[in-house]
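> So that we are looking at the same thing, I have put the structure below in structure tokens.
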Amino acid sequence: MDEQTDGGAAGRHTPVLLQRCLDLLAPALAVPDAVMVDSTLGMGGHTEGVLRAFEHVRVVGIDRDPQALALASERLAPFGDRFTGVHAVYDEITDVLEDLGIPAVQGVLMDLGVSSLQLDEAERGFAYAHDAPLDMRMDPTTGPTAADVLNTYEERDIARVLRVYGEERFASRIARGIVRRRERAPLTRTSELVEIVRAGVPAATRRTGGHPAKRTFQALRIEVNGELAALERAVPASIEALAVGGRIVVESYQSLEDRIVKRALAAGATSSAPPDLPVEPATHTPYLRLLTRGAEEADAEELARNPRSQSVRLRAAERLRPTPDHLRTPRRAA
Ligand SMILES: C[S@@+](CC[C@H](N)C(=O)[O-])C[C@H]1O[C@@H](n2cnc3c(N)ncnc32)[C@H](O)[C@@H]1O
């Protein structure tokens, strides 16, 4: 049966800018015994593309979502030991590679955010369009749920989450509504949250800017999964995992994510010499080379094929040399 129609991994998520990712990774993956880490395996679409395009490459696929890992592993089983799936958070990349006995890799790919699978599985609570328990954990086996956040955080902290992670103008009003509502009974369902958001957003603004609950749901998802903190640690750790000549490609879908990626790549691509030195010491020259001019976006063709690509911002860089000692972040003690 065609995987596109049987509910298998391939039919559940269309990889964004796949060919561009393959083109960017190609020079790094051309070496014998090349290894790539797909830090956001999802439904395995990008990984399958890599395994097909580069027949000698081995991929380590990380995902914190056990359901995604299971579906992708089934899809990628025909590639045998060229694919290894690991259940982990992507900031654990150093430990994952150490456990597998891999000292350095030639590529790292990160396709951030949620997968279509997660949005489509109504019961997981990611989508404002379906009534479901307020969960939103990418790894449903651990950590606080969206209900825990909404029922236990102080009002001002809920407002901060909505304002910062959702860029929600009416964060304070929505947070007030949440706290009033939970004084009667704890919130348990996504439909209750949607109702509170609707009441908190003035009618005049409700007519523009898409669904009024979109920003609130995005903000909560980021908070529940600690997404930005994990990304802050993961990008430098992924760069550290790259061999010289190795390449990192990151696809972000939201401005806060893209800013973290931009800063981490720019830090490596900029001289660390004080500006007043007459000659740049060799120790302070950049250790990364940017491969994209700013952030690349999807073109009209990609957009027509894959609506998810609408907000994508793609950045990539190549490692030129080892990170100099004075810029290395010490590893956390175990
Ligand atoms: C956009 S999807 C990736 C789709 C994939 N590129 C494909 O073509 O099928 C993002 C995936 O990354 C996972 N993810 C998000 N944040 C993560 C993190 N901090 N650590 C590990 N996995 C994460 C999600 O569970 C989700 O399955």
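Heads up, the Cβ atoms here are built off N, Cα and C, so glycines get one too.
So TrEMBL lists the following for this protein:
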- Gly44, Gly45, His46, Asp63, Tyr90, Asp111, Gln118: S-adenosyl-L-methionine binding site (BINDING)
- 298-334: region 'Disordered' (REGION)
- 315-328: compositional bias 'Basic and acidic residues' (COMPBIAS)
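For each feature listed, report its degree of burial, its nearest neighbours and the pertinent distances within the displayed model.
Cβ neighbour count for Tyr90 (S-adenosyl-L-methionine binding site): 24 (other Cβ atoms within 10 Å of its Cβ, all protein chains included).
Through the fold, the region 'Disordered' (298-334) approaches residues 14, 16-17, 20-21, 24, 27-28, 94, 116, 236, 239-240, 242-254, 258, 261-262, 265, 267-269, 272, 283-292 of its own chain, all at least 6 residues removed from its boundaries and within a Cβ separation under 8 Å.
Counting residues of the compositional bias 'Basic and acidic residues' (315-328) by DSSP class, helix then strand then coil, yields 3 helix, 5 strand, 6 coil.
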> Helix, strand or coil for Asp111 (S-adenosyl-L-methionine binding site)? Use DSSP.
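DSSP call for Asp111 (S-adenosyl-L-methionine binding site): strand.
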> What is the number of other Cβ atoms found within 10 Å of the Cβ of Gln118 (S-adenosyl-L-methionine binding site)?
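Step by step: centre on the Cβ of Gln118 (S-adenosyl-L-methionine binding site), count other Cβ atoms within 10 Å, giving 22.
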> Of all the binding-site residues given, Asp63, Asp111, which has the fewest Cβ neighbours within 10 Å once its own Cβ is left out?
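With the binding-site residues Asp63, Asp111, fewest surrounding Cβ atoms within 10 Å: Asp111.
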> With every protein chain in view, how many other Cβ atoms are within 10 Å of the Cβ of Gly44 (S-adenosyl-L-methionine binding site)?
31
> List the residues of the same chain that sit at least 6 positions away from His46 (S-adenosyl-L-methionine binding site) in sequence and have their Cβ under 8 Å from its Cβ, in sequence order, or write 'none'.
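Listed in sequence order, they are Pro15, Leu18, Cys21, Asp38, Leu109, Asp111.
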